[in-house]
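First up is the structure itself, then whatever we jot down about it.
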């Protein structure tokens, strides 16, 4: 298990939430993640008038991960605009699985949880036919 400074990640996530574009819900979300090379990447939610096109903060973290050099996510904190811990939605859990695997630690109000515990029996690379991998 990686040594994670959860307070630092929550603080970075709260700062990221300050940049959220949320004119419809007014519900700012920020996320921050520790990368396997020691970097911290952040993201915020960006709403769209066509609600289904809204981008979650966790997806923005994955974009930041790849636009700053790639790597694997080790730990992620997601918070609202006041710094209260939030859990990623199901869609985001699936996206995070691709970039951190089942061992990715997700901040939780009680204790950090493995993504594999939050998304059991997830669809993954092994579910694709071999010729598509």
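Backbone N, Cα and C atoms are what each Cβ position is placed from, and that goes for glycine too.
Per Swiss-Prot, the candidate among 44, 56 that belongs to the Zn(2+) site alongside 89, 92 is 56. Among the recorded positions 45, 46, 47, 58, the ones whose Cα sits within 10 Å of the Cα of residue 89 (Zn(2+) binding site) are 58. For the recorded site, residue 45 (substrate binding site), the DSSP three-state label reads coil. Using the Cβ center of 45, 46, 47 for substrate, the list of other same-chain residues with Cβ within 8 Å runs, in sequence order, 20, 21, 22, 29, 44, 48, 54, 55, 56, 57.
Of all the recorded positions listed (47, 58), 58 sits in the most crowded Cβ setting, with the most other Cβ atoms within 10 Å. Annotated pair residue 45 (substrate binding site) and residue 92 (Zn(2+) binding site), C-alpha to C-alpha distance, rounded: 12 Å.
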